């Protein structure tokens, strides 16, 4: 069973007027991981699709997604899959990949229907593509690692880059996840924006009672969303995107847009945040 929700894009002036319920309706993506289902959110931010697949012992096939206007989802798209659960298998284009927890798979345009099997909890990211690059499974030890932050600022972390120009080719998808060092809870702080790319976050590895306070909005008009385990949020190009957890967590970041330059950002000075 595949469920698809559509999210239209919103400008910053309209977003300023929203209350908590309105912000969550526009940007928060919960309930992506439902047993025995594929659940997708088709966003109008660079046409990024965000979703989850939980086979729970019965294979799930992702094929036609009506909002894409194509017979199969990968006819004119590429896909990244991150396994945030137990071991599972993903099959497409006549190949199969065994995915452990934390593995990331890239599937190119034209790979055909995608089958998810096993006990995995598969986080799905897809964006339009113009050509087919080779499919590739990337494990944590093969990702590019960037260490940032410090214990003194509670933001010491390792950024693991998987679908990234220095690791492999893609059309516009850039995907990785960030792991925190002991005692650090702040992500993407100091904050930044990147007007040429949207971004989506998935927060996971949270304890049941833990929460992440995700900050968004224009630097001069910040808002927050309270996030639980395995919940996602879409970040428009005009918005900051950072957060602070009540305990340890990991988050997947994914971008699509005009370029694949992870460093192409506009930093926001602390004194400019409101």
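Here the Cβ of each residue, glycine as well, is placed from N, Cα and C on the backbone.
Swiss-Prot names 192, 194, 199 for binding Zn(2+). Of 164, 224, 241, the residue it gives for the same site is 241. Its own atom aside, the Cβ of residue 194 (Zn(2+) binding site) has 22 Cβ atoms within 10 angstroms in the protein chains shown. Summary for the binding-site residues 192, 241: the Cβ-based neighbour count within 10 Å is maximal at 241.
Annotation note: residue 241 (Zn(2+) binding site) sits in a strand segment as assigned by DSSP.
Take the CB of residue 199 (Zn(2+) binding site) and look out to 10 A: across all protein chains shown you find 23 other CB atoms.
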